[in-house]
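Student: Not my notes, these are from TrEMBL:
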- 105-207: domain 'Glycosyl hydrolases family 2 sugar binding' (DOMAIN)
- 229-308: domain 'Glycoside hydrolase family 2 immunoglobulin-like beta-sandwich' (DOMAIN)
- 335-411: domain 'Glycoside hydrolase family 2 catalytic' (DOMAIN)
- 418-468: domain 'Glycoside hydrolase family 2 catalytic' (DOMAIN)
- 651-711: domain 'DUF4982' (DOMAIN)
- 741-815: domain 'Glycoside hydrolase family 2' (DOMAIN)
- 41-64: region 'Disordered' (REGION)
- 1-22: signal peptide (SIGNAL)
Amino acid sequence: MSSTPLRHALLLLTLSLSRALARDVVSFDFGWKHRPGLHSWAAPDDPPPADPLPSAHPAEAAPSYDDEGWLDVQLPHDALVGAAPSLAACPDGCSGGSYLPRHVLWYRKTFRLPREWQGSAIWLDFEGSFRLTTVWVNGVRVGSHSCGYTPFRVRLDNLTSVAVGGENTIAVFVDPDNGDEGGRDHGSGWWYEGGGLYRHVSLVRAPRLHVAQDGLFAFSNVTLAPPAPSAVVHASAEVSNGGAAAAEVCVEFSLLAPNGSHVGASTSERLTVPAGGSALAAAKIDAPAVLLWSAATPHLYSLVASVLPSCTHAADVDSVAVGHGFRALRYDANEGFFLNERHFKVRGFCDHNSFAIVGMAVPQRISLFRAQASRAVGGNGRRTSHNPPDIRMLELYDRVGIVVMDENRLFNNDTQDVTNMRTLVKRDRNHPSVVIWSFCNEVGCEGSHEAGGPRFREVTYEYDGSRPTLANMFTFGDLLSNTIDVQGFSHQSREKLDACHAKLPYKPIYLSECCSCNTMRDEDEGCETLYDNPHNACIQKSFNARCTESNSATNASDGVNYAVGTMVWTLFDYYGEPPVGGLEVSSTYGQYDICGFPKAAAAWYRMQWLLHVPDGPDKTFPTGGKHEVHLVESWESPDSFPSTKGNTTRAIHAYTSAPAVELLVNGKSYGSRRVSAMIEGPGSYAEWTSVPFEPGVLTAVARDAKGAAVATATRTTNGKPARLALSLDAPSERTGTGRALLLDGQDAALLRASVLDASGVVMHLATNNISFRVVSGPGVVQGAHNGDPHCHEPNNAPWHSAYHGLVRAVVRVTSVAARPVEEKAILREIDVRGPFAAAGPHGTEGEEPIVVEASSPGFAPVTVSIAVSVNPLEDSVMSTASAAAGKPVYFF
């Protein structure tokens, strides 16, 4: 597959350029001004305003308003995450929001519309704004949007106030604390959700006759009979007519293979599109031999729809393209899930989508890093809990072979909530990674809410119908349970699944959430208590002390064929929702911390879900029966930890994919332990409760059934701190995140700073403050973090204290050299501020690497060089994801 993604990217770029005269899509992310919240609580005695909503004609929306004192920002932008967590800033308690207060926000952008766009349809596509968003154009209020997770469109060409050929000003007011039906001070969820224009915005020009928003759809009937799979593609396109008269059109559909070759084409019947209205065109394409989309070989085709006015190939033809994957889905009440008629046990993770430093505005390369982190521990599934995801995440899952449970945000028998479900389905239905829809989560599914089930099912079937529906529930047998196609369960035992299987023998069952086990990276000793101060008293351990519970909960579905699979809560820690209250500002449920550093629990899943599982259709890459072993604890003195001070022994745990593991201290054996696979029951880890401590080397040797050593792991007692190290986790071939950053003005790198002893071992208890700066090259430090859930240091400062010897930094590119030439030409006309408005070559810069320095008092500074690229065909995030499909990734 090495050349396939590259040719596919070239094909899509060629399509874009060939239709440039008909449809232009350019970034609207650059050149914004932003005013931070005016109503953050400075002290407990400062209440929020009684009515923070703006008037019908606020001064901030007027084109003449002076915004020079506002901040220059670039989208996507999480306006809340930059502050340091503060108890004073949140007197009513907002640990669920990471102790970051929600407050009202303003954005403004002045822009020009090219004169030659006169007579075209022109609009802005907002991919997501959190949360209640109101938009003014040239001082005129043009609409609002209440859901923080669904896209919305702002039409410009039909506004009399808009000057095509002149300057215009858009003003956006965002209230993160309002929207949906929650009302003031309610938010949307019980976790940190960010605030502001946290997803991309695009400016689009198209002919008056054009394909409607998310109007192109294709599904396939796949036949798996030899000699090769074949399919019939059912394609449809909704055509909108922005003109003053009815128009006759045809739509030509073309199917293109992953390598760019032409597979087939078909043209719809002639149809009449009324003025100001729309009509649906449809056709079928026969594909006699196709490459299937699967976990290890996620082949992606392209479907192109071209609107032909008067059914002729005129110059002004609107064309749009979507990805398409050929795969057959089957959910069986007795045998579980089948992908392409091969049994597929889903081993997946739930996730909220915030990440250290960037909050909810996650760059694409970090999203790819997160997807690859799942693959590294055997994950083949993702639940988009509890809301519609960033659309680019689905594009990544399409490319790396992860199946997705796509979840709606709010579930009620309410028109707005049904509309949001419809929007989700229309937007995401072309993604082969999406294999099931989820209506709701837990308590949001229960009680009177269940009456919404029939309406949600109706819109899902109307706009898709090729995938089943599910709800993540505690119960079964009620109206909603009888409405959905697959019974989802949250945190239920094998006994509950068995009872449902007996009473509803016709219904497939999915453990759609389980296993909320709290751990903290590299915390060797301690306990879990409520409302303590972890730095002075107890701390949660790195070892999954509830490993037996996790084993049992995960095995509730892994251990039986009739269950589709498991979605573990969660893959990453995330801002907000601390599990035990107190001073924590992030959750601790993840297998990775909020910075993306793996915890011990990640190694446990790597053993159980990747290395223990035979190579087959439900693995995203083969492992060939190899074995690994992981030592959980460090090998430091018991006196290093408050809870074991004065002891002479240590408790040690090891995870392995081999049947046995032996423990040695400085070469002396302390015996072997048998280790079983999780699906065999308890015993999925090795434990030595009292190992006499002596400085030196702790070694775990994994042994096969014959006693032969097949893998080793070591922990060494630290010497004195000696030096810093600085390395890259993304881009990195090791993590499947590429070799270089793309100079698109938005790409981001993940740096790892480590405090080491003279032997090169990470200092387990190091807390040194580390600072980062860009020495040379087109980059800027966005911020730093350490993954400690209790740390209240700023999220966006270029420094941070270490947590167990590690600090993460995010570095963003500042050059736009790699953006397409045609887009840059348009943006020079459009943007009044930002990189395209400034004098300069706009893309003739060389590929000088970004050199970053890390420094800390008492250590010599160290640097790392980040390669950069102007070649999107090889180094864009999407091209990188495609190139990594089916290949191993490693995060440890």
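Here the Cβ of each residue, glycine as well, is placed from N, Cα and C on the backbone.
Keep in mind it's a predicted model, so treat the numbers as computed, not measured.
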Student: Looking at the stretches 229-308, 335-411, 418-468, 651-711, 741-815, which one shares the most CB pairs under 8 Å with the domain 'Glycosyl hydrolases family 2 sugar binding' (105-207)?
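Tutor: Going through each listed stretch, the top one turns out to be 335-411.
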Student: Per DSSP, what is the residue count of the domain 'Glycoside hydrolase family 2 catalytic' (335-411) in each of helix, strand and coil?
Tutor: 23 helix, 21 strand, 33 coil
Student: Check the domain 'Glycoside hydrolase family 2 catalytic' (335-411) against each of 229-308, 651-711, 741-815 and return whichever range has the most CB pairs under 8 Å.
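Tutor: That would be 741-815.
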Student: Per DSSP, what is the residue count of the domain 'Glycoside hydrolase family 2 immunoglobulin-like beta-sandwich' (229-308) in each of helix, strand and coil?
Tutor: 0 helix, 52 strand, 28 coil
Student: Looking only at the domain 'Glycoside hydrolase family 2' (741-815), what is the mean pLDDT?
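Tutor: Across the residues of the domain 'Glycoside hydrolase family 2' (741-815) the model's pLDDT averages 97 on the 0 to 100 scale.
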Student: Using DSSP, how many residues of the domain 'Glycoside hydrolase family 2 catalytic' (418-468) fall into helix, strand and coil, respectively?
Tutor: 32 helix, 8 strand, 11 coil
